[in-house]
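Novice: Take this structure first; my questions come after.
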Amino acid sequence: MTLCNLTLGTKVQDFQMVIAIPTFILGFLANSAVLVLFCRQWRNCSDMMVYLANIVLADSTALVSLPFRMYSYRKSWPFSRGSCQVLISTYFVNTYVSIFTTMAISVVRFVAIKFPFKARAVMSPLKALMVCVLTWVVPCSLSAVFHDVAANSTMRCFQKDSDRPLPLSFILVLDVVGFLLPLIVMTFCSVNVIRTLVKKDMSKNHPERKQSVRIIAANLAVFIVCFSPVHFGYMLKFLSETYWSHDCGRLQFAHSFVHVASSLASTNCFLDSFSYYFLATSSWGTLREACCGTQQRERQHSTVI
């Protein structure tokens with residue numbers, strides 16, 4: 001228990017607004033542009049388009065909660081506790097749907113590049129849809145646990161009063177299952193795909209390969225920059241509330257850090273869209289041909305990176 005009164009300072013609130021406004025505007029425009037692109041290509045639906053559509057859906061839904069988050073940081077929450085919980089769940093569920101779908105895309109890339117003749121076993125719209133359903137089931141289950149955990153503590157909307165820390169098991173699920181596991185999988189897959197591409201001839205005759213390397217590296221970098229701070233912040237706040245519950249300065253720092261990091265994480269909602277626009281307009285078949293020769297040309301027109 002702690003008697004510290006934790007608040008968000010003016011500088012933190014200003015930083016949140018500086019991040020939130022362009023994130024919401026750019027995210028809305030970018031996700032809309034990608035949706036238009038998908039609508040034009042929907043007749044040639046591929047497994048990758050299913051994954052990308054799932055990410056766009058998750059990011060767009062997460063953006064809906066952003067104005068409410070910004071309002072709650074500056075004003076008293078005027079609505080019911082239930083509405084607050086719905087918005088919190090919307091934000092968390094869709095954030096982790098985006099994370100898990102991004103991980104799935106990395107796995108599909110890896111299989112298609114390293115094991116092209118086995119790729120058909122995992123590359124179909126129906127199987128992609130099944131994976132996407134799973135990416136929703138896991139975060140929704142975590143959200144149900146979150147409601148049970150939060151029921152015993154007093155909460156402001158999008159802010160937790162530090163009367164007691166959340167259970168370590170819950171923090172570990174968020175950090176390990178929600179971040180570290182996807183990070184390890186993405187890093188392994190991305191590094192191996194990039195190494196495979198770099199080993200091939202990177203001459204001017206294959207600019208698509210160079211572009212693919214840049215895109216894959218950029219996606220991994222965006223994931224690390226967006227989600228590393230906030231998941232570190234969850235553990236930092238847990239440790240502060242558990243072992244330094246009477247150190248108000250340390251608790252205030254951890255509280256502010258989590259919210260600053262959360263603002264950075266929200267930028268993923270539009271950074272994803274910019275990356276996936278380029279992915280959706282680049283031929284996955286071209287990339288696969290560059291790595292595996294002409295035997296895979298038959299599917300160039302139907303898949304994207």
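Even glycines carry a Cβ here, placed using N, Cα and C.
As annotated by TrEMBL, domain 'G-protein coupled receptors family 1 profile' applies to 30-276. Per TrEMBL, the feature transmembrane segment maps to 15-38, 50-71, 91-112, 124-146, 166-194, 215-236.
Mind mapping these onto the model and telling me what they sit next to?
Specialist: Counting only same-chain residues 6+ beyond the ends of the transmembrane segment (15-38), those with a CB under 8 A from a CB of the stretch are 8, 49, 52-53, 56, 59-60, 63, 66-67, 69-70, 73, 259-260, 263-264, 266-267, 269-270, 273-274, 276-277, 280-281.
When Cβ-Cβ distances below 8 Å are used as the criterion, the transmembrane segment (50-71) is approached by residues 16-17, 20, 23-24, 27-28, 31, 34-35, 38, 87-88, 90-91, 94-95, 97-98, 101-102, 104-105, 108, 125, 128-129, 131-132, 135, 157-158, 266, 268-270, 272-273, 276, 279-280, 304 of the same chain, each at least six residues removed from its ends.
Listed as Cβ neighbours of the transmembrane segment (91-112) (distance under 8 Å, sequence separation of 6 or more from its ends, same chain) are residues 47-48, 51-52, 54-55, 58-59, 61-62, 65, 69, 118-119, 122-123, 128, 131-132, 134-136, 138-140, 142-143, 146, 158, 178-179, 181-182, 185-186, 188-190, 192-193, 216, 219, 223, 227, 265, 268-269, 272, 284, 288, 305.
Note on the transmembrane segment (215-236): residues 99, 102, 106, 109, 171, 174-175, 178-180, 182-183, 186-187, 190, 193-194, 254, 257-258, 260-262, 264-265, 267-268, 271-272, 275, 278-279, 282, 305 of its chain, located 6 or more positions outside it, place their CB under 8 angstroms from a CB of the stretch.
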